[in-house]
Amino acid sequence: MIDLRSEQRSGDGNSSKFRNKNIPARVKRSKSGQSYRKPDEGANHVAPFDICLSGSRDSTVLKSLQEMEENQENVEHPIEESGGQGVLRPGMVLLKRYISLGDQIEMVKTCREIGLGPGGFYRPGYKNGAKLRLQMMCLGLNWDPETRKYEDQSPADGCKPPCIPRKFNQLVETAIQDAHGLLGKDCTLSNVEDMLPAMSPDICIVNFYTTTGRLGLHQDRDESSESLDKGLPVVSFSVGDSAEFLYGDQRDVNKADKVVLESGDVLIFGGKSRHIFHGVTSVIPDSAPKALIEETRLRPGRLNLTFRQY
């Protein structure tokens, strides 16, 4: 098991134990003035959204969590064989409850710490005033939902997007390797990467959905043509409340398949499934692990991290 808490904090007071020096990605820049304003041009300095509530933690939960973690030392990520686990379609794999509770807790804490700083969480919208029903933070590069371009500044405060924590990337790469293991059992391909290519993420879009949050059917198709042509996968981490996730070959909710993504689940789609339409139709209230909520004070809702390579 990858222990996300094993890395020491850096000397930067604003840095999390997950922060790292990420290699800058190639940037697909938008035309000047098309989607963001530079800091000296008066960017909208909106206070970052806090994904956690204020309040103290329950000491009994902390003690039981510590005992559980001690018993789980040196245990590998579980690969369950039920409850929707496994290959959903060619190039699409669901790893149920793959991220340990301890790792989920550290993920929430890290996202909160980064999200309250420069380039942190904000509610994205459009020039016509419409707003998405979620809070968003981009790591590595900023994605603009209106221009559908990647940029090197956040429209909320004009700051450079924070780097992706190195441990996040390690967990992504390990999840892809375990997905390859499942694909190897499920198909006769001599090289499973022909169905689900490997990738090294340099972009992470972090979305927080409240219990009323939604995201309509859409395709993730704004990465580089090289990345899209190779079918490099999107890797999605779910933390907090469960969500009903739709996916299919058409933008039609009546023809889409549905799966419930729970806290700790990892969903991967690449190869022939890279261009599927997908979305979140509902967030299921009060479905998050109790220990996660009491330890992190995560707001009611779902934290979703999606990784991709530009």
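Cβ atoms are placed via backbone N, Cα and C, with glycine included.
For HIS218, ASP220, HIS278, the entry in TrEMBL reads Fe cation binding site. Using a 10 Å radius centred on the Cβ of ASP220 (Fe cation binding site) and all shown protein chains, the other Cβ atoms total 19.
Per TrEMBL, compositional bias 'Basic and acidic residues' is recorded for 1-10.
Look at TrEMBL and you will find 200-310 tagged as domain 'Fe2OG dioxygenase'. Residues belonging to the domain 'Fe2OG dioxygenase' (200-310) score a mean pLDDT of 98 in the model.
Among the features that TrEMBL reports, region 'Disordered' is placed at 1-42.
Each of the binding-site residues HIS218, HIS278 was scored by other CB atoms within 10 A of its CB, and the lowest score goes to HIS218.
The residues near the Fe cation site, meaning same-chain residues not in HIS218, ASP220, HIS278 whose C-beta sits within 8 angstroms of the mean position of the site's C-beta atoms, are LEU217, GLN219, ARG221, VAL234, ILE276, PHE277, GLY279, in sequence order.
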